[in-house]
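J.: So TrEMBL has the following annotated:
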DOMAIN    A:13-435  domain 'TRAP C4-dicarboxylate transport system permease DctM subunit'
TRANSMEM  A:6-39  transmembrane segment
TRANSMEM  A:59-79  transmembrane segment
TRANSMEM  A:99-123  transmembrane segment
TRANSMEM  A:135-155  transmembrane segment
TRANSMEM  A:175-196  transmembrane segment
TRANSMEM  A:235-253  transmembrane segment
TRANSMEM  A:259-275  transmembrane segment
TRANSMEM  A:295-314  transmembrane segment
TRANSMEM  A:334-354  transmembrane segment
TRANSMEM  A:361-380  transmembrane segment
TRANSMEM  A:386-404  transmembrane segment
TRANSMEM  A:416-440  transmembrane segment
Amino acid sequence: MGVVEIGLIYTALTLVLLFSGMPIAFALGSSAVIIMYFFMPATNIHLIAETIFGELDNFTLLTIPLFILMGAAIGKTRAAVDLYESAYRWLYRMPGSLGVANVMGCTIFAALCGSSPATCAAIGGMGIPEMRKRGYTGALASGLIAAGGTLGILIPPSITLIIYGVMAEQSIGKLFVAGIVPGFLLAVLFSVWVVIKYIRDRHDWMKTASPEEIAEVSKKEHFTWKEKMESLPRLLPFLLLIGLIMGAMYGGFGTPSEVAGVGAVAALVLVIALYKCYQWNDLRAIFTGTAKESCMVMMIIAMSFLFTYVMSYLRISQSMAEWLVALEMSKWALLFWVNMLLLVLGFFLPPVAIILMITPVILPPILAAGFDPIWFGIILTINMELGLITPPVGLNLFVINGIAPDIKFGEIFRGIVPFILIIAGYIAFLSVFPEVVLFLPDMFYDY
Amino acid sequence: MNNPLWRLFSGTVRGVNQAMAYLSALLILVCSFVLVYEVITRYVLNISNDWVIELSIFMLIAATFLAAAHTQRERGHVGIEILDEVMSKRASRIRLLFGDILSMLFCGLVAYLSAVYCHEAWDQGWTTSSTWGPPLWIPYFFMAFGMLLLTLQFVVQILEGLMGKAPELPKHGHATTSGQGG
Amino acid sequence: QTTTIKVSHQFPGGTEEKGDFRDRLVRKFAREVSEKTNGSLKFEIFPGSSLVKTFAQFGALQNGSVDMTLYPLAYEGGKIPQVNITLMPGLITSYEQGHRWKGQPIGNELEKLLESKGVKVVTWIWQAGGIASKKKVLDPADVKGVKIRGASKHMDLMLKGAGGSITNVPSNEVYSAMQTGVLDAAVTSSTSIISFRLEEVGDHLTDASQNSFWFMFEPLLMAKSTFDRLTPAQQKAVMEVGASLEKFSIEESKKDDMMAAEVWKKAGKKAYAMDDATFAKWRAVAEKSAWKDFAEEVKDGQKWLDMATAVK
Ligand code: NA
Ligand code: NA
């Protein structure tokens with residue numbers, strides 16, 4: 001049987017197992033073993049344990065559990081609420097300020113946490129009820145938290161970028177630095193949309209609302225300078241922690257794993273000292289949550305490597321990559337189709353699995369077309385952000401559903417569509433202006 | 001379900017898995033401190049330690065596999081669940097049962113192969129090739145042990161399913177830490 | 001009837017004319033053997049550890065899931081302690097002397113040992129290396145208090161013996177480790193010094209143009225199970241082409257030794273050649289640390305060392 005036939009069988013088998021509802025890690029592992037059994041020499045089966053160990057025996061993957069611990073520690077405290085309340089006190093005069101404060105909360109939390117659903121949950125837990133109380137529609141409130149949460153994987157630290165870095169053999173530090181500007185810029189775009197949408201919603205609402213309701217909502221809130229300043233000291237430690245991590249990442253004091261280890265310990269010290277989070281129950285939630293989540297991510301990583309080993313052994317990934325190169329598409333057509341592929345995969349799969357499965361296939365043609373690997377890492381990550389908020393499987397959407405079960409799915413979807421369009425447009429923008437991504441890493445890394 | 005042997009078995013599996021999850025968390029915490037220690041000795045004493053990287057990697061491999069069964073008990077290994085909405089309850093149960101059985105077989109195979117390798121590494125006295133040179137059977141032991149617990153956890157869940165206990169559905173967004181691979 | 005041979009290595013992939021010479025050697029080998037056997041042997045090359053991860057290549061070779069690999073043998077030092085002799089500081093004095101192992105008792109013992117592990121040496125390849133560092137590390141005395149990696153257990157033991165501070169940074173992390181100050185210096189092959197662009201993060205290079213205490217055995221290997229499956233004519237072609245490429249490997253290694261020094265000088269950095277007296281000093285340190293450990297810890301260690309030093 002030829003590469004094409006085996007490739008099709010492998011793809012079909014994998015899809016069936018994935019959609020069976022099996023854990024993704026074991027679905028990928030099982031389909032790899034089944035294909036191994038039928039199409040590869042039996043000796044390969046005996047390599048399974050060594051392959052898994054060989055892949056996990058990696059200095060860079062070490063960072064993942066440590067960044068998860070850091071995010072879990074901070075996520076357990078009131079820190080997230082403090083973040084957005086402080087932002088709100090400074091912004092309150094502006095229309096849509098509460099929404100913008102929530103986006104800012106997501107942005108800052110994203111800089112302390114490597115995953116998107118965690119960012120979503122941390123800010124949305126307080127943010128969504130608060131916004132709805134003050135007249136935001138369920139659609140806008142949930143859409144903006146779902147989208148704001150995706151900043152978690154674009155703004156460093158980011159598990160997605162770490163895994164891409166391992167797969168593409170790119171410097172994690174450089175990828176992290178590259179995520180900063182696009183991350184903050186995307187946060188600005190989200191904020192602009194929130195303000196526009198808030199003003200329009202309010203305009204419509206005024207026409208139908210009763211005078212009492214209008215009076216209630218337009219009750220003037222006021223924060224004195226004292227109140228504004230008071231909110232800052234609580235923020236300061238987190239800003240210092242962000243500074244520490246970002247500073248350490250470029251030309252700083254250590255390897256990415258050391259930075260992650262220091263970040264995790266610093267975050268723990270912070271939440272224990274500042275938020276008095278030292279009760280056994282709190283700590284237990286932080287630690288078991290960390291163990292569980294890093295286990296889940298690391299398992300997907302370990303088993304995906306088995307999956308790609310089989311793809312590579314049977315030359316499926318190489319043939320697909322060669323086929324893509326041989327099509328001689330223009331570089332923009334190639335990029336378009338790669339984005340489409342990522343979009344479709346993103347409907348169903350979480351970022352970790354997509355990156356591990358697809359990088360060996362799409363990276364060679366992307367590099368052959370002359371695209372920059374660091375820039376592509378960022379484009380890929382933004383694509384993954386889309387996947388987190390597109391139905392039917394969008395991890396951030398599930399988080400929103402957990403926080404605010406009374407918001408109907410249709411409403412969340414209506415709220416999320418504009419953000420999907422913004423992100424799609426943003427990918428196009430960064431494709432035309434790659435300098436936006438690259439100028440900062442180029443400044444700090446002269447290679 | 002009320003068979004005392006069954007209760008003993010499932011209770012033991014549950015207890016061991018919970019304990020291993022704590023141990024896993026402890027390893028991640030210790031690993032963070034080891035890395036902090038490395039940074040401090042480097043900056044204060046200007047020395048580096050030839051054991052830090054290998055020790056950290058070993059600890060995190062152990063942490064990953066030790067927590068696997070507990071994570072599975074809480075259905076924390078993320079999967080694609082859209083067919084839940086489309087298929088009938090009964091059909092879905094059969095589908096999930098099929099998935100659990102295949103997962104069990106796969107994890108059992110990995111546990112067995114890791115154990116074989118662990119034995120070989122022990123028998124031959126294999127170490128890593130560094131000056132510190134820790135024995136190689138250690139990570140393989142944790143792989144084998146963790147995957148064995150995970151296999152047993154699947155056995156418990158399959159039997160529970162067959163005995164008519166409603167499957168515990170995955171909980172979404174239940175904790176601030178549920179990163180779900182994002 | 002064509003047989004497909006899967007070749008895996010960890011180096012960057014290129015073409016037969018351009019790129020890392022180890023990848024070029026593999027491609028040359030594949031073409032020439034394929035021609036000699038009238039296409040009855042077909043080669044699939046997986047560069048950059050794209051099939052099996054770097055350290056898993058030897059295991060894959062042993063159980064036959066990979067047919068060939070070009071592999072730094074000392075990576076297996078944890079499993080086959082004797083192979084540590086193939087990256088022993090100060091033991092090899094020149095490419096020519098290293099290649100004279102072949103056919104001598106030391107070479108025969110090594111090939112016999114590898115055959116007992118299911119692996120056959122097809123091409124003997126030695127590669128020298130230098131020290132890329134932030135401050136000058138030429139003499140053993142310079143290494144005191146320097147955070148350094150030596151790329152193998154016994155290199156590390158010697159550097160430790162000279163007062164260095166050891167970190168096990170994997171080779172692909174050396175650049176960022178030097179950039180962030182995790183490492184002050186790294187010893188690695190001239191080819192890696194060039195391809196990792198260490199001149200951007202280091203200021204001083206002790207090059208291998210004259211002497212080097214760092215010679216690494218990095219042979220082209222074939223799984224014995226694969227070799228035994230070949231017809232006698234095919235076996236002959238494999239071994240002949242393999243042996244014929246040894247000259248190419250020496251030429252290219254020497255070119256890289258020179259080029260590393262040139263690249264550093266061109267980047268405005270310092271490069272030093274090591275004179276015989278300095279080499280002797282390193283060798284003295286090595287004998288007291290690394291060689292001693294090998295003699296004591298490895299079965300027949302002293303015998304292996306004696307056989308190696310008997311080669312002039
Ligand atoms: Na982040
Ligand atoms: Na999706």
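Yeah, the Cβs are placed from backbone N, Cα and C, and that goes for glycine too.
Where in this structure would I find these features, and how exposed are they?
T.: Nonlocal intrachain contacts for the transmembrane segment (A:99-123), taken as residues 6+ away from its ends with a CB within less than 8 angstroms of a stretch CB, comprise 64, 67-68, 70-72, 74-75, 79-80, 83-85, 87-88, 91, 131, 136, 140-141, 144-146, 148-159, 162, 183-184, 187, 190-191, 194-195, 198, 238-239, 241-242, 245-246, 267, 293, 385, 388, 395-396, 398-400, 402-403.
Remote same-chain residues near the transmembrane segment (A:259-275) are listed as 62-63, 66-67, 69-70, 73-74, 76-79, 112, 157, 234, 237-238, 241, 244-245, 248-249, 252-253, 286 (criterion: CB distance under 8 Å, separation of at least six residues from the stretch ends).
Residues 116-117, 120-121, 124-125, 128-129, 132, 138, 141-142, 145-147, 149-150, 153, 342-343, 345-351, 354, 412-413, 416, 419-420, 423-424 of the same chain sit 6 or more residues outside the transmembrane segment (A:386-404) yet have a Cβ under 8 Å from a Cβ within it.
When Cβ-Cβ distances below 8 Å are used as the criterion, the transmembrane segment (A:416-440) is approached by residues 142-144, 146-147, 150, 177-178, 180-182, 185-186, 189-190, 193, 197, 332, 335, 339, 372, 374-375, 378-379, 382-383, 385-386, 389-390, 397 of the same chain, each at least six residues removed from its ends.
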J.: Are there residues at least 6 beyond the ends of the transmembrane segment (A:135-155) whose Cβ is under 8 Å from a Cβ of it, and what are they?
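T.: Result: 98-99, 102-103, 105-107, 109-111, 113-121, 123-124, 127-128, 161, 179-180, 182-184, 186-187, 190, 194, 197-198, 201-202, 205, 217, 351, 378, 381-382, 384-386, 388-389, 394, 396-397, 399-400, 403-404, 406-408, 411-412, 414-419, 422-423.
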J.: Are there at least 3 C-beta pairs under 8 angstroms linking the transmembrane segment (A:361-380) and the transmembrane segment (A:175-196), leaving out pairs fewer than 6 apart in sequence?
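T.: Between the transmembrane segment (A:361-380) and the transmembrane segment (A:175-196), which are separate recorded stretches, there is contact, as judged by 3 or more close Cβ pairs.
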J.: Three or more CB pairs closer than 8 Å, sequence separation of 6 or more: does that hold for the transmembrane segment (A:334-354) against the transmembrane segment (A:6-39)?
T.: yes
J.: Go through the chain and flag residues at least 6 beyond the ends of the transmembrane segment (A:295-314) whose CB is under 8 A from any CB in it; none is fine as an answer.
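T.: Residues 3, 6-7, 10, 14, 23-26, 28-29, 31-33, 35-36, 39-40, 44, 48, 51-52, 55-56, 61, 64-65, 68, 159, 163, 350, 352-353, 356-357, 360-361 contact the transmembrane segment (A:295-314) from elsewhere in the chain.
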